[in-house]
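Quick look at what Swiss-Prot annotates:
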ACT_SITE  Ser191  active site, proton donor
ACT_SITE  Tyr222  active site, proton acceptor
ACT_SITE  Lys226  active site, lowers pKa of active site Tyr
BINDING   Val56, Lys80, Asp105, Asn132, Tyr222, Lys226  NADP(+) binding site
REGION    1-35  region 'Disordered'
Amino acid sequence: MTPAKAPSHAKKPEAGSQPISSMWTQMFPPKPTYTEEHMPDLSGKIYIVTGASSGVGKETSRMLYSKNAKVYMAMRSGAKAAAAMADIQRAVPKSSGALVILPLDLADLSAVKKAAEEFVSLESSLHGLINNAGVQVLDDTNGEARTAQGHEIHIGVNVLGPFLFTQLLRGVLAATAGRAQPDTVRIVWVSSMGTETIGEKGRGLSADYVDYWPLMSPLERYGLSKAGNWLQGAECAKRYAGDGILSFPINPGHLKSELYREGGTLFKLALRPVLFPPAYGSYVELFAALSPTLSTKDSGAWIVPWGRLYPIRSDLLDATKSAAEGGNGHASAFWDWCEEQVKAFL
């Protein structure tokens with residue numbers, strides 16, 4: 001494939017400035033506030049965890065299964081998926097829950113739709129959706145990695161795929177919320193600190209990305225895609241509020257996971273001192289998905305390691321507010337843009 005080129009009018013966006021105090025507390029956080037010890041029995045509850053074949057997704061699936069939940073491990077099928085499920089079953093032999101592989105390829109929107117339709121054909125309840133899966137293609141310096149629909153790989157897999165999957169599951173989530181205890185049906189959007197370190201000033205991520213992304217490094221593209229997840233999590237809280245569904249964008253922390261598998265040796269060595277075991281990322285995901293300290297009033301709030309509400313960069317907060325509220329309304333506009341990109345599959 002020919003290396004990607006930006007159109008002549010494209011230019012790199014201005015990034016906002018993350019306060020040092022914010023960066024420090026997210027890179028070197030206090031001890032976890034929510035662990036396996038805090039989790040209730042989840043018998044009868046059903047969850048989907050995307051990207052469950054390794055790392056944080058696998059750990060989160062294990063923890064939910066250990067509390068007797070039925071967990072749909074949404075991931076690309078194959079030997080790796082089967083091995084991940086077998087590993088969890090061996091680790092938790094006494095669980096009365098269930099593990100089910102749900103084939104999901106976020107790089108193909110038609111496959112995303114098929115996965116959602118398969119789940120809905122099997123289940124009438126869904127108590128939590130954890131959009132954990134993501135890709136970081138650090139060796140794609142020429143911008144040649146694309147999805148089946150031709151989108152740049154980071155925005156396609158990390159932003160549009162999860163968005164479509166969530167929209168297609170809204171009905172079953174809403175139906176479950178109508179029967180469940182208030183504030184217990186939730187969606188978790190796994191973002192990263194890249195939202196604050198790289199995200200566009202006042203916007204996080206915008207539709208302009210489709211023009212300027214060839215000007216950015218693969219690491220920057222990844223960070224910007226995570227800003228997209230933050231926008232989705234914040235806006236979803238508003239759009240789904242009437243359904244009784246809570247939504248939380250999170251920074252799972254800097255973790256030892258396969259997310260960095262594309263990075264070179266020096267890159268991995270540089271990160272080693274600040275990387276934590278995958279279980280710590282699961283603690284953040286499960287705090288967002290299960291903690292009884294969270295309620296409707298918190299929906300849409302930024303959650304950071306290892307399970308804390310924390311203020312997002314102030315200029316980004318403006319994106320979550322309408323003009324009438326003193327903001328710029330960008331989160332709403334970005335949601336509408338995402339809908340436009342996936343409308344053929346809704």
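Placed from the backbone N, Cα and C atoms, the Cβ positions cover glycine too.
What you see is a predicted model, and the numbers here were worked out from it, not measured in a lab.
The structure, with features from Swiss-Prot marked on it.
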residue	record	DSSP class
Val56	NADP(+) binding site	helix
Lys80	NADP(+) binding site	helix
Asp105	NADP(+) binding site	coil
Asn132	NADP(+) binding site	coil
Ser191	active site, proton donor	coil
Tyr222	active site, proton acceptor	helix
Legend entry - Neighbourhood of the residue listed as 'active site, proton donor', C-beta criterion under 8 angstroms, separation at least six: Lys226, Ala227, Asn229, Trp230, Gly233, Pro249, Ile250, Asn251
Inset, instruction - List nothing but the one residue from Lys80, Lys226 whose Cβ has the fewest other Cβ atoms within 10 Å; the candidates are the recorded positions. - result: Lys80
Legend entry - Rounded distance in angstrom between the Cα atoms of Lys80 (NADP(+) binding site) and Tyr222 (active site, proton acceptor): 24
Inset, instruction - Rounded to the nearest Å, what's the C-alpha distance separating Val56 (NADP(+) binding site) and Tyr222 (active site, proton acceptor)? Just drop the number here, would you? - result: 17
Inset, instruction - Measure from the Cβ of Asn132 (NADP(+) binding site) and count the other Cβ atoms within 10 Å, all protein chains considered. - result: 28
Legend entry - Neighbouring C-beta atoms (10 Å sphere around the C-beta of the residue listed as 'active site, proton acceptor'): 25
Inset, instruction - Any same-chain residues 6+ apart from Asp105 (NADP(+) binding site) with CB under 8 Å of its CB? Would you list them in sequence order, or say none? - result: Arg76, Ala111, Val112, Ala115
Inset, instruction - Please work out the helix, strand and coil residue numbers for the region 'Disordered' (1-35) from the DSSP assignment. - result: 8 helix, 1 strand, 26 coil
Legend entry - CB contacts for Val56 (NADP(+) binding site) [other CB atoms within 10 A, all chains]: 31
Legend entry - C-alpha spacing of Asn132 (NADP(+) binding site) relative to the residue listed as 'active site, proton acceptor', in angstrom: 14
